[in-house]
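Structure record follows, encoded as structure tokens.
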Amino acid sequence: MKLKLKNVFLAYFLVSIAGLLYALVQLGQPCDCLPPLRAAAEQLRQKDLRISQLQADLRRPPPVPAQPPEPEALPTIYVITPTYARLVQKAELVRLSQTLSLVPRLHWLLVEDAESPTPLVSGLLAASGLLFTHLAVLTPKAQRLREGEPGWVRPRGVEQRNKALDWLRGKGGAVGGEKDPPPPGTQGVVYFADDDNTYSRELFKEMRWTRGVSVWPVGLVGGLRFEGPQVQDGRVVGFHTAWEPNRPFPLDMAGFAVALPLLLAKPNAQFDATAPRGHLESSLLSHLVDPKDLEPRAANCTQVLVWHTRTEKPKMKQEEQLQRQGQGSDPAIEV
């Protein structure tokens, strides 16, 4: 048994010696290992280069995006708003003023249907932060709505809009805010914004560069989902309307804007209080432009950016009952 173990050990030793000698011989042989090593080194170099490029990109300041024109370079939008005393007047004017505050380079011409300015409107304008001109003119009694008459029987806001046009033409009359009219050569656009409508601020971007008279659809008006111009090949070819489609300009007051230089060049252009029902807009526009020269806006008049909304008249039954009992709401609190 001892002999066999000795023989096994000897054989293991000889085999190990032979393996060691073979390994030593192989170490001395030429090895073709350089190409793989060079390839690996090149990959590492490329990765290092890419990392350096990414680090440089992170340190580089971002490109400056194209900037819109500075407010001073924009034509001024003159927004003319007639208003009259009623329970919802302040609520309407607050909503409108906060929409207008989002629009750069805007001048608000707010015209009260009153003999003189009221504290409510004066205070609201002062707090609005807007550039404004405060005007006031009373609607003649013959033109006023009578008790129980629907609003569409007589045109409203005629005297007030014309008062604002007079101010733009240098005839004065301001009772608050900016007193001086725009100097000759001023580039701007005039828009008639009633205090009860709803306006997207995008609308003002659309009208700002008006050259003559620009137009667009108005939502929720004339018994339709919208009224507005029909456009073909970039030109107005008709009007989508249901009531008296043969009017010279079947447009809503909120559906157009006029370049200021055009208005100033036509001193007789104004609204006619005696115009037939529904023709108030036409009474002004007929002095200014031919229908074929209207400038379609709002994606060729396919977008609605203004809505002819109406605030519901508040029901004051409980207030009246408390007033009869001498317990009405505090009149010193402005609503």
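Every residue, even glycine, has its Cβ placed from backbone N, Cα and C.
The topological domain 'Lumenal' annotation in Swiss-Prot covers 29-335 and rests on sequence analysis.
A C-beta separation below 8 Å, combined with a sequence spacing of at least six in one chain, links Asn300 (N-linked glycosylation site) to Val231, Gly234. For the recorded site, Asn300 (N-linked glycosylation site), the DSSP three-state label reads helix. Swiss-Prot lists Asn300 with the feature N-linked glycosylation site, giving sequence analysis as the kind of evidence.
Under the heading compositional bias 'Basic and acidic residues', Swiss-Prot lists 312-322. Within the chain, the compositional bias 'Basic and acidic residues' (312-322) has long-range Cβ neighbours (under 8 A, six or more residues past its boundaries) at 87-88, 328-329.
According to Swiss-Prot, the feature region 'Disordered' maps to 312-335.
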Can you break down the region 'Disordered' (312-335) into helix, strand and coil residue counts using DSSP?
8 helix, 0 strand, 16 coil
